[in-house]
Amino acid sequence: GLPVCGETCAFGSCYTPGCSCSWPVCTRN
């Protein structure tokens, strides 16, 4: 998906609902 989740997952996980990690950023599923 598009990187619209506004957080990084380079050092952890995504916390925004409906988002997944596409290193190093979170992307909308």
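Placement of Cβ uses the backbone N, Cα and C atoms for every residue, glycine included.
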Practice problem: From the candidates C9, C19, select the one that Swiss-Prot records as forming a disulfide bond with C5. | Solution: C19
Quiz prompt | Between C26 (disulfide bond) and C5 (disulfide bond): CA-CA distance (Å) | solution = 6
